[in-house]
Amino acid sequence: MSSYAGSMYHGSPLLLSLLGPLTVKRIEGQPNHLLYSLVSVIADVVSAMLIRATGQNLRLAYLRSLESLDLVKQIDVSEFLCSGDIAALIYLCNPFTIVACVGLSTSPIENMAVILCLYGACSRLIPLAAFGWVIATHLSLYPAILIIPVIFLLGCGPDSPPRKLFLQRHQQKEVLNQSKLPPGFSWRPIIHFAFWAFLWSVYVLVLCGISLKQFGGLWEMFKSTYGFILTVEDLSPNIGVLWYFFAEVFEFFRNFFLIVFHVNILFMILPLAIRLRHRPCYLAFVYVAICSMLKSYPSVGDSALYLGLLGWFVNELADMQFSLFLFCGYVGVSLLSPVMHNLWIWRGTGNANFYFTTAMVYACLQIVLVVEGVSAMLNHDRKLRILITGKPQDAKS
Amino acid sequence: MALLRRPLLLLLLIVTHQFLQFRIAFGSVNEEGQKQEEFYEELLLKPLPDRKLLTHFHFQSSAPPSTSNGRHHHLFPKAISQLVLKFQVKEMELSFTQGRWNYESWGGFDPIPSSNAKPPGVELWAVFDAPQHLIDALWKNLTHTLSGLFCASINFLESSTAYSAPEWSFPPASGKLRYGTLPREAVCTENLTPWLKLLPCRDKAGISMLLDRPSIYRGFYHSQRLHLTSTGSGSEGMDPGIILEQTLTVVLQPDSQRASLAHASEKHIQPSWSLSSIFGKQISGRCVLAETSSVYFLLDKGLVAELEHIHKENEKSEENVLISEKFWNNPSFELSAKPDRIFIEESSLLSKNASVLYKFEIEKYGESEPFDLGLFWKTPVVWLCQQAPLHANRFLMGSGNERGAIAISLKSTQSSEGFMGSNSNDERCELRVDVFQVVPWYVKVYFHSLQVFVDQQPKAVSDIIEKIHVSPSKDKVSPGVMELVLTLPCSVSSAVLTIEFDKGFLHIDEYPPDANQGFDIPSAIEKSPVMSYTEVLLVPLTTPDFSMPYNVITITCTVFALYFGSLLNALRRRVAEEERFLKDKAAKKMDRIPLLLSKLSAKLRGRHLEGPQAPPASSSFINSKSVLKVILIAGLAVYWQYYFS
């Protein structure tokens, strides 16, 4: 029987053939979900290690750029936190990660694919980056937009202050030291990446095609994975707001709103890419956060991912506004949301609006986080520029 | 007095004996001298152990294969014939039922309950004689036609979420059978009237005269059924012959006032009744169009055994009173009319346990002397109806609105050793049970979670289940179907099947008007080998707030608009520029008039001249771009002026 025969499974056929047996097989005397829980724990640990390595990479790049801008004296580098360790710790100790793992969700594996992609791009392992990107896209579609940060990462290297600052700095000093300038955009690794991405996607599609040969082939897979994501067919409550929206919206407007919500993701890609092109990792974080906010079936695993990635930028985002408010909000929502769900579904004393309210608050918190995060990062760049030029100046970058 | 010994099944007996009888041709003769259209009417009365009375009306019309079917009929309803021809129906059964057949006290092994006990609401199944790809379309059209014909919402079975195609639970049809139920359909007199219209005499003459609406719908259970079979035409160009069977089964509580008055001391005595007391009417003559018109009175096995036992105790005589000359007035009960025939069921095992059937011909009665059968009980009798080997129940497990489990429990009634013995081998006695279960798509069943408990012990599924066919539900497309063939040892006392499910969440429009009442899961069918239906399950589903669509839409859209706006704002904001803009504004507040003047002069001097008065420092405020804009607007204004003047 096809794995898509009932409306039960909407994931990748490869994931099912790899993990499906694990959920059935059991070790003597142990519960039968033990093997899969082990897999997700391993995936989380691997993700944390990759986050740490990438974070260290980013920190080094940041220090190097500060050095080349001669700002080491002005900014106290010794106060810098080790962002890689912090990010990895946030990812591992986040209750969301633990909950996603306990709930036997597939998000640890999806998150690992995303992190693999970013790690590969940061450490210039192009095949690995392409693999991570293809798998992440194959598993949950939304990471497809990470191709933009990956291209910037491969083209100009990891996060650094705007290139213009370097030029200004060197103009001031009137010594144009080419070696201290960050490298310009190079197309070679990108073509490499495209080649590898093509190779991996053909590989994945062929594998899927083989496993679904008897059951309608690839079209069946696209229809019940990507189609299911794009049309929001399942209206079961999740921590997002779209399930309730589409349960309530008039059938006549359904298609319109489907387009609106998906275009909402696509719409912000370009402005963010223009404004944050010198910080591709941060761009990736913002994209991941936006996706987890607007995606059809969000889960706490998605939040675990972007909160982990947020740890990379503790130094840059030190001046972020509302951080205490956000922290309290996240704690409050994660405590209230299960309570409201329980009241509504299990006890029948609450109604759907109770739970929807917590989902709405959660969406607002994510919005505040994204907006404040982006402005904090822009302010950080401004601060660097002020340090260099010594006065506020018109910045067109 | 004719004593006939007939095969085991009584119904078979009822149906077959009619063909032996002399036929009087009402209805005109076919020009080719073939078989004519025929109509039979029968009524069966049977006392039930729990002081109730089963009345079972049976009407049968048949049309032989002919070339004029669907165009001209003498007795056969034209609507049905056209329906059969148009939708190529091979076999079809439609039932409207209100109430639930009580298998425990009304029996489950007699031919009458096994073929007439139906699930509550509407049940429809049909076998089509058409190519596979046409069947779904034919089914949809058939449901609409029947819906119009019987004033019922059978058209809701049109949607693919409402019907299924069982593989082996019904007559084998190689995928040409469709099955659907509407458990919540309310059945009432508006469904009975069109059903009666199919009879040649309607309810104006014959047995159907008894169908007094208030008394029928006061009953505990009533089920009207329509079963039609089309027999293949013998030759080309001939339309198929059709046999239409209409039955109405009603379980009534006879008014026991008279009995309680007469025997105030005897509380356990069965209530006495007569046709006029239960229906308020009598049969004043038969339907003249009917070949035969007869009323049967059935005493089932258990009752006969009990009566004989009582009689022997009292009289100590060896003679069987029930079939003796004065049987209608024996020590236990008294019949108000003398039957024309008595049939005794032939039983190979124990001749004592045979049910007795009294037949009354209606031909003898007329307007002057209406037929009114009455039964007057003299002594209290307690007996049990014959049970099916297994008694099926179904219930829900779990709480909350997220998940649950369906359990089907089969309990052995231990009452049909004879049946089991007939099915047993020398070493192993096995009981074969078919279970058929349809679940709507919003009850998302996990078929892997099927568990079997035999005598409270969990058993491996593969040991018990001989054959399984599962078609999982598809959201908003098709229901889930599960067909099982179980083999249980005969000594089993109980078997329970459990299967877990998740509850789905529907769109606001998909909920019925009273959403909080819950959703019905249609009855499961258990066949061992007598068919019985389980209870309808009521599954409460989580409901959204039905009054909220506008609020949800506006709040969500507002939040996302805020996100979009504030993020774009954060991206395009330039703090330094803003600061300077404000500073400039404060500085320039004083000399706004010179600024305007400078603009004016610039405009007056022509396009090539840029404002020399404008200080170069404030280039961000009045730069060449804004000057150009001003010039452009001025030019437009001048052009406009000239054009209109």
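Including glycine, each Cβ sits where the backbone N, Cα and C put it.
Positions annotated as transmembrane segment by TrEMBL: A:36-55 (among others). Long-range contacts of the transmembrane segment (A:36-55) within the same chain: residues 19, 22-23, 82-89, 91-92, 97, 100-102, 104-105, 108-109, 111-112, 115-116, 118-119, 122-123, 281, 308-309, 311-312, each at least 6 residues beyond the stretch ends and with a Cβ under 8 Å from a Cβ of the stretch.
The transmembrane segment annotation in TrEMBL covers A:128-154 (among others). Sequence-distant neighbours of the transmembrane segment (A:128-154) (same chain, 6+ residues past either end, Cβ-Cβ under 8 Å): 11-12, 14-15, 106, 109-110, 113-122, 189-190, 192-193, 196-197, 199-201, 204, 225-226, 229-230, 265-266, 269, 273, 277, 280-281, 283-284, 287-288, 291, 295.
Taken from TrEMBL, the feature transmembrane segment applies to A:190-212 (among others). Among residues of the same chain six or more beyond the transmembrane segment (A:190-212), those with a C-beta under 8 A of the stretch's C-beta atoms are 2, 12-14, 17, 126-127, 129-131, 133-135, 138, 147, 150-151, 154-155, 218, 220-221.
Residues annotated as transmembrane segment in TrEMBL: A:224-246 (among others).
The transmembrane segment feature in TrEMBL is assigned to A:252-274 (among others). With a cut-off of 8 Å between Cβ atoms, the residues of this chain six or more beyond the transmembrane segment (A:252-274) that come close are 142, 145, 148, 152, 230-232, 242, 245-246, 283, 286-287, 290-291, 294-295, 374.
Packing against the transmembrane segment (A:281-300) from elsewhere in the chain are residues 54, 58, 96, 99-100, 105, 107, 114, 118, 122, 140, 142-143, 145-146, 148-150, 152-153, 158-159, 229-230, 232, 234, 238-240, 242-243, 261-262, 264-265, 268-269, 272-273, 306, 309-310, 312-313, 316, 334, 363, 366-367, 369-370, 373-374, 377: each is 6 or more residues past its ends and has a CB under 8 Å from a CB in it. Taken from TrEMBL, the feature transmembrane segment applies to A:281-300 (among others).
Residues or ranges marked as transmembrane segment by TrEMBL: A:320-340 (among others).
Look at TrEMBL and you will find A:352-371 (among others) tagged as transmembrane segment.
Residues 4, 7, 9-12, 140-142, 254, 257-258, 261-262, 293-300, 303, 337, 341, 344-345, 352, 355-356, 359-360, 362-363 of the same chain sit 6 or more residues outside the transmembrane segment (A:224-246) yet have a Cβ under 8 Å from a Cβ within it.
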